[in-house]
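Reviewing the structure listed below.
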Amino acid sequence: MTVNSSRNALKRRTWALFMFFFLPGLLMASWATRTPAIRDILSVSIAEMGGVLFGLSIGSMSGILCSAWLVKRFGTRNVILVTMSCALIGMMILSLALWLTSPLLFAVGLGVFGASFGSAEVAINVEGAAVEREMNKTVLPMMHGFYSLGTLAGAGVGMALTAFGVPATVHILLAALVGIAPIYIAIQAIPDGTGKNAADGTQHGEKGVPFYRDIQLLLIGVVVLAMAFAEGSANDWLPLLMVDGHGFSPTSGSLIYAGFTLGMTVGRFTGGWFIDRYSRVAVVRASALMGALGIGLIIFVDSAWVAGVSVVLWGLGASLGFPLTISAASDTGPDAPTRVSVVATTGYLAFLVGPPLLGYLGEHYGLRSAMLVVLALVILAAIVAKAVAKPDTKTQTAMENS
């Protein structure tokens with residue numbers, strides 16, 4: 001293969017990954033922006049809605065726990081193709097559940113979507129980390145930026161369809177159908193074999209240290225837990241938080257969610273430059289503090305204008321947590337699929353615990369007060385941000401040789 005053909009193949013591979021990050025964001029936002037309507041159709045309380053969302057958490061955790069084995073057994077290409085296809089099936093189940101007004105079936109649909117999305121996300125990130133190493137530059141934040149761009153597009157469509165009175169059932173089904181062609185076109189650019197038969201590192205980290213004794217990896221897990229909680233709580237609860245906590249209309253609640261996704265998108269598309277310029281530690285710490293400021297203003301200030309600005313800060317603050325911790329995890333040793341899975345699993349604990357916890361607290365104390373938990377975790381992430389530091393050159397060379 002010539003240099004030009006290799007470069008072109010890498011470029012096509014990168015754009016395919018952009019699509020595979022964009023599409024899950026679009027699908028996620030397609031139902032997340034309709035949560036007020038979904039709650040009304042299913043006739044559930046806030047606490048019961050938290051229980052329904054628990055299906056997403058269970059599915060996501062199940063998928064991500066299997067992801068490292070799947071990637072090492074079948075390779076990223078096959079895992080991405082199958083799991084992304086199953087995610088579309090999950091969306092179709094959501095539409096059917098709304099048509100049947102079945103909270104249980106909706107939770108099952110979220111479980112299918114979550115399991116597919118969880119497995120796909122690890123495979124996509126492993127593929128993205130491989131591309132990042134080949135390009136020798138920071139690109140994972142931009143890839144995650146396409147996820148945020150997808151959520152922004154989905155939020156915009158959701159706002160428009162809500163304003164025009166299009167039923168959530170129809171909206172979610174259309175989103176699933178739109179996703180079919182991009183999956184089967186983009187997968188052609190992904191090479192076969194990435195991550196397949198990777199070294200077995202499920203029990204030990206660098207230099208034979210068990211994962212549960214790898215202090216840096218554990219602290220990276222704390223960072224991703226906090227930042228994923230901040231991101232996930234907005235994805236699950238922000239429209240309802242604005243409708244019930246600040247008195248916005250459902251359409252305005254979708255608009256506010258679009259502001260959050262705008263902040264996420266801008267942060268991820270610009271994050272690579274800041275990381276290369278200032279270091280991962282500085283960027284994680286600044287992001288966490290910015291997110292804490294935005295969340296704090298939403299909790300303590302009763303102003304529509306302030307809420308609109310604050311969700312952008314929230315989005316900017318949460319934007320780089322996941323991609324940076326994925327990059328940091330891949331630095332700790334040679335077994336990228338397992339290490340990415342360990343950190344991603346920790347992050348998904350936030351998605352597992354978050355919806356029911358915030359739903360329970362919101363039912364008893366109000367959603368604004370429930371967000372104090374998110375605020376505390378984001379501040380903790382700023383404190384332990386040093387864990388995401390890049391290894392020195394000698395350590396990095398030793399890991400690459402291994």
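Yeah, the Cβs are placed from backbone N, Cα and C, and that goes for glycine too.
Under the heading topological domain 'Cytoplasmic', Swiss-Prot lists 1-11, 72-77, 127-138, 188-207, 276-281, 328-339, 390-402. Per Swiss-Prot, transmembrane segment is recorded for 12-34, 49-71, 78-100, 104-126, 139-161, 165-187, 208-230, 253-275, 282-301, 305-327, 340-362, 367-389, and the stated evidence type is sequence analysis. According to Swiss-Prot, the topological domain 'Periplasmic' annotation covers 35-48, 231-252, 363-366.
Helix, strand and coil content of the topological domain 'Periplasmic' (35-48), in residues and according to DSSP, is 11 helix, 0 strand, 3 coil. Stretch with the most C-beta contacts under 8 angstroms to the transmembrane segment (49-71), considering only 78-100, 104-126, 139-161, 340-362: 104-126. The topological domain 'Periplasmic' (231-252): residue composition by secondary structure is 19 helix, 0 strand, 3 coil, according to DSSP. Confidence for the topological domain 'Cytoplasmic' (276-281), expressed as mean pLDDT, is 89. Residue counts for the topological domain 'Periplasmic' (363-366) under DSSP, helix first, then strand, then coil, are 3 helix, 0 strand, 1 coil. Count of Cβ pairs under 8 Å against the transmembrane segment (12-34): among 78-100, 104-126, 139-161, 165-187, the largest is for 139-161. Same-chain residues lying 6 or more positions outside the transmembrane segment (104-126) and placing a CB less than 8 Å from one of its CB atoms are 17, 20-21, 24, 27-28, 38, 42, 51-64, 66-68, 70-71, 76, 79-80, 83-87, 89-94, 96-98, 140, 143, 194-195, 326, 336-337, 340-341, 344, 348, 351. Counted as Cβ pairs under 8 Å, contacts with the transmembrane segment (282-301) are highest for 367-389 among 78-100, 165-187, 253-275, 340-362, 367-389. Per-stretch counts of Cβ pairs under 8 Å to the transmembrane segment (139-161) identify 253-275 as the leading one among 78-100, 253-275, 305-327, 367-389. Sequence-distant contacts of the transmembrane segment (340-362) (same chain, at least 6 residues past either end, Cβ-Cβ under 8 Å): 46-51, 53-54, 56-58, 60-61, 64-65, 67-68, 71, 114, 118, 121-122, 125-126, 129, 211, 217, 220-222, 224-229, 232-233, 236-237, 244, 322, 325-326, 328-330, 369-371, 373-374. Within its own chain, the topological domain 'Periplasmic' (231-252) is flanked in space by residues 28, 32-33, 35-37, 39, 46, 49, 53, 56, 151, 159, 162-163, 260, 264, 298, 302, 304, 307, 311, 314-315, 318, 321-322, 350-351, 354-355, 358, 362, 366-368, 371, 374, which lie at least six positions past its ends and keep a Cβ under 8 Å from the stretch.
Panel annotation: around the topological domain 'Cytoplasmic' (127-138), residues 10, 13-14, 17, 21, 76, 80, 190, 194-195, 271-272, 275-276, 326-327, 330, 336, 340 of the same chain, lying at least six beyond its termini, place a Cβ under 8 Å from a Cβ of the stretch.
Sequence-distant contacts of the topological domain 'Cytoplasmic' (276-281), counting only residues of its own chain at least 6 positions beyond either end whose CB sits under 8 Å from a CB of the stretch, comprise 137-138, 324, 327-328, 385-386, 388-390.
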